[in-house]
Amino acid sequence: MPALRESINKVFQSEFYRNILSLFSGMFLARLFPALFALIIVRIYSPENFGLFVLYITIASTLSIISTGKYENAIILAETKTEKRHIFWLAQKINVLVNVVAALGIFVYILVEGVELITSVLQLVLIPLYSFFFAAVQLLRNVLISNKQFKKLSFLEITRSLTTGILQCLFFAFPETGLFMGAFLAQLLIYFVYARMIPEAQWNRKFLFTKEERNYGRRYINFPKFSVASEIFNFLSSQLPVFLIKPFFGSTILGLYSFPHRYVSTPVQLLSTSVSRVYIQKARSLKNNVSDLSRLTFSLFKKQFLIGIIPFTVMTLWGQAIFRVVFGAEWEFSGFLAQLIAPWLFVVMLISPLSAIMIVMEKQKISMFFNILLMAFRIAGLLIGGIILKDISWAIGLYSFTGFVFFVALGAYSLKLAGVKPGDIMKFVFKILIVILLPLILLRIWM
């Protein structure tokens, strides 16, 4: 017990882990508010309104992936405030150009297709507007990460979530557009409020690309060259079950899969995002200090492993029984699917934050090829399960197994980049598997 208490005290005394805790708390509240507002929103908007909102905001979010050329990641690698400022406005000007072109394309579509319904026109016009401000807020977030202003970043996430919920409720009189309008205005307000607080985001009064911005554009050209495609493939890869389960197995099975995926992946996303944003800044500062970077990365790997191994093992072994007791017999099969995806989500929680080292080491090309291969194998797994075997369990099992294998490989590569010795990793993992995993497996067999 004294050793455990001392270990916990060391964690809380570490600025690195305090920053993670601060950001995690903010992210948790930012996710909590939408859940609370949902209790109101479901009573003032119809399922059709939700469907249209999800469609349009998905298009806008996809557009935002390419709208900055992924130069926002270069902000984290920048050394000085001047460099961050130039990269910020390089990305922001690209953001303007991409979304102006998108807006022109939408106006042409409206004219050619003869879209006359004012609500449809407004939804289409909001796509580039939302995309622009969503990407602009991402730029602000990365400046805050680079400056280690994690409390301010937490407050940004909380206020954005709260503002979105309030505005969506206030626009209840416009059911067709209220959800999207509320989300757009929240992004707009958050950008202008926080841009005033961040020196790097102050307007430079130059509309054309400056010489410095062009130089940094060339210096970090691998971000638009490889990271944009990588992000698109990653996004599409994550949406594959939505696209392929329904045609093969129907809406009911899609719902039975989506339910456990949502509730099991939510804590994974919260923890991974919080850790990743703090780790990437710290790893950048230790880039030229291999021993300290290796020590930090291995320490983080061990803590992540210890946090996740018990709950995910329990879900893998008893997921079906847990879902039957907690959610009812009709969701028992969802629990079985949760058992299939739990090992994959465990390695996602473990490796996803550490893979940020690839941005620090500027390995964008490898990241792109990884996401292309992952998507190809995931498609193959779902097609084998859906067309050849015609069994949802095999489809999800192959999808999960593919993700597990690829993320283990990604983890091995990321840890190697950070200078962590493979022998140290294997020794730690083997010890934990013997001490924790084996007893749980034996308990499952005996029960």
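Here the Cβ of each residue, glycine as well, is placed from N, Cα and C on the backbone.
TrEMBL annotations: computationally assigned, not manually curated.
Marked as transmembrane segment by TrEMBL: 20-44, 50-66, 87-111, 117-141, 153-173, 179-198, 305-329, 341-361, 368-388, 394-416, 428-446.
Within the chain, the transmembrane segment (428-446) has long-range Cβ neighbours (under 8 A, six or more residues past its boundaries) at 302, 305-306, 309-310, 313-314, 317-318. Fewer than three CB pairs closer than 8 A are found between the transmembrane segment (117-141) and the transmembrane segment (20-44), and contact between the two stretches is not assigned (pairs 6 or more residues apart). Contact between the transmembrane segment (394-416) and the transmembrane segment (305-329) is absent: fewer than three CB pairs lie under 8 Å, with pairs separated by 6 or more positions in sequence. Just going by CB pairs under 8 A, the stretch in 87-111, 179-198, 368-388 that sits most against the transmembrane segment (50-66) is 179-198. Long-range neighbours of the transmembrane segment (87-111) within the same chain, counting only residues 6 or more positions beyond its ends whose Cβ lies under 8 Å from a Cβ of the stretch, are 63, 66-69, 71-72, 74-75, 78, 121, 124-125, 127-129, 131-132, 135-136, 139, 143, 200-201, 204, 206-207, 209-210, 213-214, 216-217, 220. Within its own chain, the transmembrane segment (179-198) is flanked in space by residues 41, 45, 49-50, 52-53, 56-57, 122-123, 126, 129-130, 133-134, 136-137, 140, 143-144, 152, 156, 159-160, 163-171, which lie at least six positions past its ends and keep a Cβ under 8 Å from the stretch.
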